Amino acid sequence: MGKSSEELDQTLKGDGRQPDVAHDISPFMAPPRGSPALRSAPSSIAGVSRPLLPPSMPPARARAPVVVLTGTPGTGKTTHAQLLQQASPVPLQHINVGDWVKDKGLYQDYDDEWQSYTVDEDKLLDELEPLAAAGGIILDWHTSDIFPERWPDLVVVLRCDHSKLWDRLEKRGYPLKKIQENNEAEIMEVVLDEVRSSYPPEIVVELQSETTDDLEANVARIVQWIEAWREDHDTSDQ
Ligand SMILES: Nc1ncnc2c1ncn2[C@@H]1O[C@H](COP(=O)(O)OP(=O)(O)OP(=O)(O)O)[C@@H](O)[C@H]1O
């Protein structure tokens, strides 16, 4: 069933990576690309804001869902994606979109000052379109509002207390300016705002990602959602 705390610890310790240019593809550091107006803050972010429900009228198109895992850099998207991939009852391809952009050259240029790539959104969407249509993917990125509304079956926004987030980003060796930008973005709920203005509320869920318990509970919950999605889609005879 769930992972032992030892295994979870191992997953978490395993991060230890150095700052990677792929993780510099940050909407918070790049020159503004239509960043959303900061609307009034949603209510409490403590815990889950709404029940995680399967879609009621699913399109019969895929054997497995498209799950978007988003959140400010450092909130735990990749860690969740890796564990979800292992725990999922259906095969899911984990796409770290930042890495894709870098590896496949899906960018226009690199901004030295902001240490950030300017993503070529058209190229990126063209690359991802067939995968999204086939289903069975986890899209792991801090920018989620460029994905067409029809793509995701579930959008998970990970949240983290800003002081914890600061520590995580500091451990990565991010420059102070970049830590501040991302920290402020988390406080101002920039990603959550983007998601809320891009996708229907019934497919959006906000989850805390501060502890290993959160991590384990979140993954278990998404797995449950996938089970429900499968039943809804009756994938048994495909
Ligand atoms: N729920 C959690 N509990 C404890 N530590 C966590 C949790 N989620 C993530 N972490 C730790 O925080 C760090 C950042 O996690 P991770 O790389 O998964 O974030 P990310 O959102 O994918 O970042 P980026 O957008 O920059 O790729 C890692 O060291 C990871 O182990």
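Just so you know, glycine gets a Cβ as well, placed from its N, Cα and C.
Please treat TrEMBL annotations as automatic predictions, because they have not gone through curation.
If you look up TrEMBL, you'll see 1-59 marked as region 'Disordered'.
Taken from TrEMBL, the feature compositional bias 'Basic and acidic residues' applies to 1-23.
GLY74 (ATP binding site) falls outside any helix or strand according to DSSP and counts as coil. Taken from TrEMBL, the feature ATP binding site applies to GLY74, GLY76, LYS77, THR78, THR79, ARG172.
For the region 'NMPbind' (96-119), the predicted model reports an average pLDDT of 88. According to TrEMBL, the feature region 'NMPbind' maps to 96-119.
Taken from TrEMBL, the feature region 'LID' covers 171-181.
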Cβ neighbour count (within 10 Å, all chains shown) around THR78 (ATP binding site): 20
Entries of LYS77, THR79, ARG172 (binding-site residues) sitting next to ligand 1, with Cβ under 6 Å as the cut-off: LYS77, THR79
Among LYS77, ARG172, the one of these binding-site residues whose Cβ has the fewest neighbouring Cβ atoms within 10 Å: ARG172
Residue distribution over DSSP helix, strand and coil in the region 'LID' (171-181): 7 helix, 0 strand, 4 coil
